Amino acid sequence: MASSLAPKPRPRPAHTTGTTRLAYTPSGARLVTVGSNNTIRLYRTHHDGEPYNIDDCPEQNCAAAAADGFFVVGSEDGTVSVYSVEDTAFEHFLTRTSLPVRDVALSPDAKWCAVASDELTVKVVDTQDNSRVRVLKDHGRPTKHLAFDPKGGLLALACTDGVIYVYSMTADTPELIRKVDGVISPLESDSETSARIAWHPDGRAFAVPTPMHDVQVVSKNDWEKQRAFSNGHLGDITALAWSPNGAMLATAGKDGKLLIWETKTQSVIQKFDYSNVIDIAWHPKDNLLSFTTSDGEVYIYPNLITEQFSAFLQLPRQPAPFIHDPLAEISNNVRRPDANGGKASIPSRPRRDSLGSLDSFLNGDDGYDDGDDFVVDDDGAGYATGTKRALEGGDDAGRPNKRRLLEPTFHEAFQPGSTPWRGNRKYLCLNLIGVIWTVDQDGHNTVTVEFYDHEFHRDFHFTDTFLYDKACLTEHGALFSCPPLNDTPATIFYRPHETWTQRTDWRTELPKGEAVVAMSLSDSFITVTTTANYVRIYTLFGVPYRVYRPKSTPWSPAPAGATTS
């Protein structure tokens, strides 16, 4: 962690003591601040002069959202107003609520404005035609914060009951699609403690403060908890914001700390002492962070990120911090070209097209041998010259053949009954006997084996330090395997259910360099396929029974005539 070498900015007394909010326009040309007094201020970026002031506004402004041409301000008197950025003047009232407004949010295209208030409903108003209003009413509690996802298809609400409600905005009638409970704490709508929903720029997750003074990332795909930014603050979090590319996260808390986190490692890279910070905004393009305090002050901090970490701002958009990133898992399965950039090597003896095959039709052939080798130029007369087929290097005119060879697409090996990681949970096996799943506990896993017929066997769970990633389950036992890690080879572990007999569990290691691709368990044998294309068969007592190497790469084993895992 490094301290900032840039000079600290002076506080700008923009508003009177109370709630003070700010927002950058998408271009970054203007910074809008609102507060308890009846003045709105517009600061020009990289300009130290006085800001533009708009005095024609209500008092107790407590929410702001900005587009390039206009910005929206919500007030405690229930009015939501639209102001012009160019003219720095009031334009019109957008909508009105009967209770104080708590937050406003513009959709990415600035066509819709969502308004949160102490009412039990949320209004989503067309910014060009305020007669078009969508009403969200399935949450049933006042909303403290709300935010559109980067594509504008979802609207997430953080309500005072401690539940996050997610609405789909793709249809004319918004639909509640998810309730995310157990992440944020119940809060009063006017509390300085934040429950703000900060969507990551890649749109796959959002971050919210937790009661434990951490920031929790939640996946949009399955609404499961992902990585957390922990052990940074000693008090409640009051503000947070992602950097424009998602490489960093800025947070502020009641402990008087302003922290800059690296997203990839969830570690604090810079720390500052600023009290009473209640709102944070990154400049969309530059190394510039602005924040406001409950004292009505505005800080505009250029070059906040030191030279040591400023390269983070130049990175392309970074991925949200997942425990098991599905995007990375998919990309790791992609078939990549050779390291030297060349095409994949073609076997020296290509397989001849079958009769009536797809290749033969695409190549204009009839599917039969054309008899190239029938005529042999044994007297040197030259009548057999040029009779070689064009498919073997060129056409009749001698031009190279640019026909693209159709390469077969090989099915990736898979383990029956298993699933990818969803948050910190993964199903290792699912069949008609029961289910096995594992939970990532950061350093070890917890494996649970559950049977459908509890009179047949009792459920059990155990602490897994080997990090098993595959499993099989039968009426007689459970089989697990883990991948190699550093100098530890891949391991196979069999645990019989009849532990009261002489049959005990056993564990065996694969040769160095081999990993388990897939495996199966029957009433008599264990079959394991490995990355070395070996098929290894063991008895249920752990005795190696057979090892062989098939001609083709195995996809997935399944025992015949026995219970399949």
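Positions of Cβ are set from backbone N, Cα and C atoms, glycine also.
A TrEMBL annotation is a machine prediction, not a hand-curated record.
Because the structure is a prediction, the values reported are computed rather than measured.
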For which of the residue intervals 1-21, 43-63, 484-504 does TrEMBL record region 'Disordered'?
1-21
Counting by DSSP, what is the helix, strand and coil composition of the repeat 'WD' (230-271)?
0 helix, 23 strand, 19 coil
What are the DSSP helix, strand and coil residue counts for the domain 'WDHD1/CFT4 second beta-propeller' (412-551)?
0 helix, 70 strand, 70 coil
